[in-house]
Amino acid sequence: MHQQIHTGEKPHCCSQCGKSFSSSGNLKTHQRVHTGERPHCCSQCGKSFTTSGNLKKHVQLHTGERPFCCPQCGKSFSNVETLKTHQRTHTGERPFCCPQCGKSFSRLEVLKVHERIHTGERPYSCSRCGKSFSAVGHLRTHQRTHTGERPFCCPQCGKSFSDSSHLKRHRQIHSREAAGRTAGVSRGAEPQGCGLRS
């Protein structure tokens, strides 16, 4: 089995999407993408994961352990992979390149999602309506149309949204309002009253 790493042989094929793997274990882990199985559960918060490695990274959020520090900005991280990814925000490095269109990315997982534009692969399906998506984040956002969940809340007015991008767009309204008030004050404009004169 180890030799397959060197030979590039991938004899274990997914019956649902055709993707192939060098070991049956890797195939089994991959199949959780389709089944939704997340057998590795956090004992502290109950959140579950497809791999033990992802669970291990998550547990560090609870312990607060962040031993890997960015020498450029001082920001610290729980694991070295996350630090390396972060450092690309400083260097501008985008080492993961799409073989189809040449577009490059700073993170491998973002490239993998992007490649589905070319392949048409949509491995994440909604259990309620069957609609499928290329990224798990898109599926989660869609599922909120069924549940009514709106977890993204505006700290200024309390309005809530199902998608973080909708909250971001909404907050620009407050930014424009604040900029307008600042501009009015700087011009010496009087505050708007009810229209009555004394």
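A Cβ is built for glycine as well, from the same backbone N, Cα and C atoms used for every other residue.
These figures come from a predicted structure and were not determined experimentally.
Annotation source TrEMBL lists domain 'C2H2-type' at 12-39 (among others).
Counting only same-chain residues 6+ beyond the ends of the domain 'C2H2-type' (40-67), those with a CB under 8 A from a CB of the stretch are 29, 32-33, 76-79, 82. As annotated by TrEMBL, domain 'C2H2-type' applies to 40-67 (among others).
The domain 'C2H2-type' annotation in TrEMBL covers 68-95 (among others). Through the fold, the domain 'C2H2-type' (68-95) approaches residues 57, 60-61, 104-107 of its own chain, all at least 6 residues removed from its boundaries and within a Cβ separation under 8 Å.
For the domain 'C2H2-type' (96-123), the number of residues in each DSSP class (helix H, G, I; strand E, B; coil) is 12 helix, 4 strand, 12 coil. Residues annotated as domain 'C2H2-type' in TrEMBL: 96-123 (among others).
When pLDDT is averaged over the domain 'C2H2-type' (124-151), the result is 91. Sequence annotations record features per position, and here TrEMBL assigns domain 'C2H2-type' to 124-151 (among others).
Within the same chain, residues 141, 144-145 sit at least 6 positions outside the domain 'C2H2-type' (152-179) and bring their C-beta atoms closer than 8 Å to a C-beta of that stretch. Residues annotated as domain 'C2H2-type' in TrEMBL: 152-179 (among others).
Among the features that TrEMBL reports, region 'Disordered' is placed at 170-198.
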